[in-house]
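What TrEMBL says about this protein:
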type     : residues : note
TRANSMEM : 12-30    : transmembrane segment
DOMAIN   : 41-194   : domain 'TLC'
TRANSMEM : 50-69    : transmembrane segment
TRANSMEM : 89-110   : transmembrane segment
TRANSMEM : 122-145  : transmembrane segment
TRANSMEM : 169-187  : transmembrane segment
């Protein structure tokens, strides 16, 4: 993937995340009656989590495909030049820049030094993958962990909307979150490819 394409993908991802945060999430979430009653800080956090969920679903699914089916990446996990792998890393880069900007702009509502350091660290790794053309497979393998994020965010939505912890939706999400967290963040670390 050439530099212009990578930068274009990063910019497109950044722009999509900003549009999701500033326009789509608020418009869509306003259909949830309780959303309109939230404080400005909670609405900012809500919109940030909607974008986070969208990002994690896209890159998580792409990462699974790359892990199982991308021949270029599988054949050489260190140097393999995977177009889809690089696109996925570029999408994540755009998301991280967008979210870091939102963390700074809305520091009082969602700012957290740990998240800022995390984003900067992952951004450095993503830029290294894109610039040097190495470790795309391993970077995407790490992004499989994003598949647990929608369940973590959903838990936050339920708490914010004051769902009962004994409600069916709350319990199902909790079970799915635990199972998915175990599969994509713990069990997958033992997977060896031949």
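Note: Cβ is positioned from N, Cα and C throughout, glycine not excepted.
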The answer for the transmembrane segment (12-30), taking Cβ pairs under 8 Å and residues 6+ beyond its ends, is 36, 43, 46-48, 50-51, 54-55, 90-95, 97-99, 101-102
Across 89-110, 122-145, 169-187, the most C-beta pairs under 8 Å with the transmembrane segment (50-69) come from 122-145
Taken over the domain 'TLC' (41-194), the predicted model's pLDDT averages 94
